[in-house]
Amino acid sequence: MAGSSGLGGGAGQGAALRASRAPLLLVALVLGAYCLRVLPGRCPPAARTLAPAPSPSEPSSSVRRPGAPDLPVASGPGRRRFPQALIVGVKKGGTRALLEFLRLHPDVRALGSEPHFFDRCYERGLAWYRSLMPRTLDGQITMEKTPSYFVTREAPRRIHAMSPDMKLIVVVRNPVTRAISDYAQTLSKTPGLPSFRALAFRHGLGPVDTAWSAVRIGMYAQHLDHWLQYFPLSHFLFVSGERLVSDPAGEVGRVQDFLGLKRVVTDKHFYFNATKGFPCLKKAQGSSRPRCLGKSKGRPHPRVPPAVVRRLQEFYRPFNRKFYQMTGQDFGWG
C-alpha cells in the first residue's frame, strides 16, 4: 500500500508540474510564431536558366550600363535587366497598390513578388538578382518593390553600387496609422500578441519604444537622412499613401511623370470600393474583369485608445516636420 501511495503521489506531483508549465509553453509558442513572422523569410527562387553571354558584336550599351557587372542576358523576347526604378518603402504605406496600378502601363514591367535582394539576399549576387527580373523590350522600364529597403541600413549603399542613377519611390503614410496597420497585419497572423499599447510604450504610457519596428519605420526623416548620403533628393519621389486612396489617378500620374512615361494610367482605370475603403482597378493586368487587392488589404484596425494615439502623434510630430522640410512636401499629418 505504501508503494501504491508513493506512486500516486509522484503522478500527482508530475501532473501539477505539467499544469504549471502549460502557461509558459503557451507563451513560448506565441513568441515563437511571432518570431517566425518577423524574421527574414526565404529568398525567392531564381529563373531556371540563363542564356550565354551576348556575342561581342552586340553593342555593350544595349546590354548593361557602364560600370555594371557583365552578366548573362536571358534568351527569348526582350532581356532581363537590372531595375531602373525601385519602390523602396514603406511597409503598410500603399506600395502593393502602387505597384499594381503601375503594372497597367504597357511600358512598365515589374516583378510581382518582393525579392528582398538588398536586405536579405545580397549574398546571392547580382547575377541571381537580375535572373529574377521580367524580360523587357527597349524603352520599357524594369521595376521591383521591397518596402523594407527604406529602413535597411545597407540598402542605399548597395543600390548605389549597382546603379547610382536609380530612381527611388517612397510611399509614405501617417506614421501613427501606419504603425497601427502594421500591428493589425502581425496580429492577424499571430493571435495572442500583447496589445498595441504594450508594444508601443515602455512602462504603461512611458517612453515610446523605438526599438519596435512598427514605431521605428515611421521615423521617416531619420531613414531618409541616411539615403541622402548616397542619392540626391532629385532621385526620389515621395508618394502620399493617403492621396493614393483619395486620388489614385493623380498620384499615379506623378509617378508616371517621374519615370518619364506617358500618362497612360488615368482615372478611367479606377473605381472606389466602398466596402474595402480604397480604389480598385476596373481592369486588372491581363484581365478584362475588375480587380481589388487581396483580402489582407483594407483589413479592419484594432481599436487603439485615443490617449495612445495622441501620445504617438506628439512623438512623431518633430520627425514629420523635419521630413516635410527635407522633401519640400507637407503631407498634412501634423
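Each residue, glycine too, has its Cβ placed from N, Cα and C.
Unlike curated entries, TrEMBL annotations are predicted automatically.
From the options 49-77, 136-164, the stretch TrEMBL describes as region 'Disordered' is 49-77. Disulfide annotation in TrEMBL: Cys280 is bonded to Cys292, selected among Cys121, Cys292. Note: the CA-CA distance between Lys92 (active site, for sulfotransferase activity) and Cys280 (disulfide bond) rounds to 17 Å.
The C-beta environment of Cys292 (disulfide bond), restricted to residues of the same chain at least 6 apart in sequence and closer than 8 Å, consists of Asn273, Lys276, Cys280, Leu281. In the shown protein chains, 24 other C-beta atoms lie within 10 A of the C-beta of Lys92 (active site, for sulfotransferase activity). In the predicted model, the domain 'Sulfotransferase' (83-323) has a mean pLDDT of 93. Here the Cβ of Cys280 (disulfide bond) has 21 other Cβ atoms within 10 Å, regardless of which shown protein chain they belong to.
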